Every structure is written in structure tokens, then in C-alpha cells.
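**Student:** Mind having a look at this structure? Questions to follow.
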């Protein structure tokens, strides 16, 4: 379970996908572990222990967002990643910051429902199986004889065996299922998400309880009936209470692009709204109560992780109150040639493995030689230095350019083996990488 993972185990999991940035990984791992530690503390003191929010500072493409993505998969907790630039000050047209907590609540309810459904899945499958057998072999009318019941029982066992073995999967049956409301989306004005959600939930309940007959194949019917039966076994009210508790105690919010809402004294214009977003974030990060359709949610123990490149601004450009709410500062390093080489070879789903898998579908064997990978890393680093530093994302453009012709003519090279060595890389990329004007527009 993720909550019992030690910080070193969390870091080793992140190492599979992100190269370097040990400071950021350690900070995130400790913050995640502290959620578990807090749960072990006795109650009066537990309420006083609040999470220490993290601010990650570093150039674009070095792993800030990737750490958040991998953390979301790793943390068995309600997690939401949002861009700070999406929000506006209350009173302006746009989304206000309270929607962060509402979205987190939606995520938690979905997560809790999936978890509860898994617990009752075995019972739901049995009930769905019985309902399918009732359709395949309608039960006989009661006419006072015992013998037909025995025959029916034997027939049910035969059909049950066939059903479990998948022999009846393609048989078409007519089934009575719960009628869902026709898909209807309500487009509300910006900033009125709560009202729109209330109207949507009001209309959602209109079609409940109604049933209609549908023709479908047995395997489709089984999936539908399992969902329906599991829904009956799950207590919705209890589910909502669990979800709210999960958000309040374990919720994690990743605020990306926080540097884009800083106020810079030398720039005028839309600074009022930007500062307003920072002021609106203050109570949310410090701890407040937000109204959602599932109930009131306290944000006191939600962990906030913010990140930004801070190329045009500094962390000190944030309003002082917000700076104080992010006590842990972590600086991420720019990527070196060795880092680029490691990204191409050591990560679990590296670009080289992805392209090899894609070419394999055309029966083309792609082999990356060590000197070829080193040359790719050098070119990516060089272009970043000369033009604009976009971090690891530069590898996407370099790799696409390198394999452009091969990808286009792959169907003609079926059964061949293509080796990507330093000479191959130079023949495709040297001219582009050497010319600053060309690399500016092409790479």
C-alpha cells in the first residue's frame, strides 16, 4: 500500500520515470510519508499537525509536472493537478479557486466508489449471473410437481458452467435494465459552476427507477448487470462521508504554473486580477471550509504542492502571505548531457523504448547504439543552450526529426534492422544542430 511506503521506496519509484532532481523527490516523499505518520498520532495533537506545503522552482522541462503525474499514480489519495492560470479573482469572469476543492471532492467520490465496488464485486457477479440465467432459462411456473424443479436445477448448472467458460458470450438476449437519463450537458456561465452542478444533479434524478428492455450480447449484459448489482450493494450516503473524510485527511493539490500569477511591479495591466487570485488562494492553503454538493469540506489538512519556472519573476514576487504558506522550497536543476542520456536509456518508458515498440508494429527492428544515444543527448543539450532551454521536451523534437524519414517509409523496410549510431544521428541532424538559425525553427 502506498501509505506504508517509506520515503526511500517512494523515491526509488519516482527514479524509474524521472532522472535526477533528488531534492524535489525527497521533499515530496517526506510529505507523502508524513500523511501516514500524522494518522498514527493520538487525536488531540493530530488535529494540530498540518502539512508543510512545497514550492518547486526550476526551469521548464526538468520534471516538476512529471513528479506530480507520477505522484498521482503512486498516492492512493484524492489528487488533482491544476494550472493556477485557469483561475480569476472572485468578481471577474472565470473560475474561482473554490472549484479546486469541488473538483477534488468529485475525484474522491469517484475513487471511493471504485474502491467500494471492488469490495462487493464477487456478490454482484453472483447476482448478475443469476439474473442472466433467469433470462436464459426462465423459471417454471409453480404447478405442484417437484420433478420439473430438479430438471430446471440441472439445466441451470449446465448453463452456469457454459456461462463461466464463455461459451454463451456471443448469444443475443433481451434484458430488462435500469434506464439512464439521456446524455444532457448543461453549459453554465463562467464562475457559476456550483449552480450548474445543482441543476445537472436535479435533472439526473428524473429517470431513476425506470426500466426498459434492451437487446444485447451475453458478455455485454453481464458487465451491465454487475455494475447495476454493485450499485445496489453500495451505500451512497456512507460513500459520500468516506470520500469527504478522505479529501480532508489525505487530499493533495498540485498547483502548476504558480509563477504566472505573480505580480511584477514593472508590468501594468492585468496585475489586479493576478494578485486577487493569490489572495483567494490564501484561505484555501491556510485552511478554510468550502461548500460542495457532497457537504462542507475543511482544507486544513490538504497538502498543496506548487511549482513554477520563475523565469520572468521570482518567488519573492508572490505576495508575502502566500510565500509563508509554502515553507518548503525546492530548486530543480537544469539537465546536463548525462541527464539526457539517462532519460533516453534508464527510465521505464523511455523515448527509445517507445519508438522501438512503434517500429516493431511495422516489423522494423530499431537498435540504438550507445554512441548514437550519446550524440542525441549532446545535440539536445546543445540546442537548449543555443536557442531556448525547454528541458527534456527538446528530446521529442530531436527524436521526431531523427526518425522522420524512417517512420514515413517504415512499411517498405519490413523485416530490416536499423541501427541508430553516432554516424546515423550526424547524417540526419548535424546540419540542423550546427546552424543556430535552422535549429531555432526546426529543432
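Placement of Cβ uses the backbone N, Cα and C atoms for every residue, glycine included.
Pulled from Swiss-Prot, these are the listed features:
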BINDING   19, 61, 62, 63, 64, 65, 66, 256, 321, 393  ATP binding site
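Walk me through where these features lie, including what they touch and how far apart they are.
**Tutor:** Around the Cβ of residue 19 (ATP binding site), 22 further Cβ atoms fall within 10 Å across all displayed protein chains.
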**Student:** How many Å separate the two farthest-apart Cα atoms among the ATP-binding residues 19, 61, 62, 63, 64, 65, 66, 256, 321, 393?
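**Tutor:** Largest Cα to Cα distance for the ATP-binding set is 34 Å.
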**Student:** Non-local Cβ contacts of residue 62 (ATP binding site) (under 8 Å, 6 or more apart, same chain)?
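**Tutor:** For residue 62 (ATP binding site), the qualifying residues are 21, 332, 333, 334, 335, 391, 392.
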**Student:** Provide the three-state secondary structure of residue 62 (ATP binding site) computed with DSSP.
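**Tutor:** In three-state terms, residue 62 (ATP binding site) counts as coil.
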